[in-house]
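Lifted from TrEMBL, the feature list:
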type	residues	note
DOMAIN	29-290	domain 'DUS-like FMN-binding'
BINDING	P31, M32, V33, Q85, H184, A238, R239	FMN binding site
ACT_SITE	C114	active site, proton donor
Amino acid sequence: MTEVHNKIIMDSGNIITDLFNRGRPVRVCAPMVRYSKLAFRCLVRKYDCDLCFTPMIIAADFMRSAKARDSEFTTNKTDRPLIVQFAAKDAQTLADAACVVSPFSDGVDLNCGCPQRWAVSEGYGACLINKPELVKDMVRHVRNQIDKPNYAVSIKIRIHKDVRKTVDLCQKAEAAGVSWITVHGRTSDERHQPVHYDAIKTIKDSLSIPVIANGDIKSLQDVEATYALTGVDGVMAARGLLANPAMFAGYEETPLQCVWDWVDIAVEHGTPFSCFHHHLIYMLERITSQPERRVFNNLSSTSAVIDFLHNTYGST
């Protein structure tokens, strides 16, 4: 499972606790289907990202198949601190999956926020915010079955229209031993509506554990503004990091050095072309002209992409 073929077994120690004691909000790369894989995590870590999540992994499939474990979860010794996010709907399956990945990671996160119809209809993701007792049970199971006292167990949620219900869910999870909670400041019905920073602040003020804010973080200024509005302990970005993996280092748009870093890392990791290319499409969107984008988006090989980059931008 992974470059875990190297058997990189480390104790998380107090690595996560230390993150939350730095005197500034923790900068977090969100779990993104197809995108927050090992190569991209290596890239954002070069540019001041403090903590990375894997893409969401369905715990039942992960436990059912060795092939799924090998393809879904890849890491290496520099990929720390790392949180593995699972979609699960019963406590034992989540605990079993957590036990498999715990030697190679610093924590697991239960997805209680994915609003996609397939996930909710299967009993995963955002429907769990309406099942606080189940969430509590799942957190407890993982806590009881992993023999690493500093191993993090977290949840990522969306909010209810009535924020009191969200506070109740979070307080129950806190009582069960959750390490922190990531709050996407929208309801499960909302997609691009404004983030409810007031709800995130209310949740933060109701808990004694760390809270990470998520939603519409596109620059380092957004990190600071969210921190000022909510008092949270960390800020998580998704699309903002896709567009600019150097965002947390204070760059307004993707620097050329970051583009070439991605080429080197992706080639080294044997990243499939479609993933390699898609990341560059996101990164270059703000810094290429429309005619250049048209040409670039139709390229079909790694060598053609590298030639385009050299011809258009030169090397770093």
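Every residue, even glycine, has its Cβ placed from backbone N, Cα and C.
These numbers come from a predicted model, not from an experiment.
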Same-chain residues at least 6 apart in sequence whose Cβ lies under 8 Å from V33 (FMN binding site): P55, M56
Rounded distance in angstrom between the Cα atoms of H184 (FMN binding site) and C114 (active site, proton donor): 10
Whole-number Å value for how far C114 (active site, proton donor) lies from R239 (FMN binding site) (Cα to Cα): 15
Overall pLDDT for the domain 'DUS-like FMN-binding' (29-290), taken as the rounded mean: 96
Lowest local Cβ density (other Cβ within 10 Å) among binding-site residues: P31, M32, Q85, R239: R239
Separation of alpha carbons, Q85 (FMN binding site) and the residue listed as 'active site, proton donor' (Å): 12
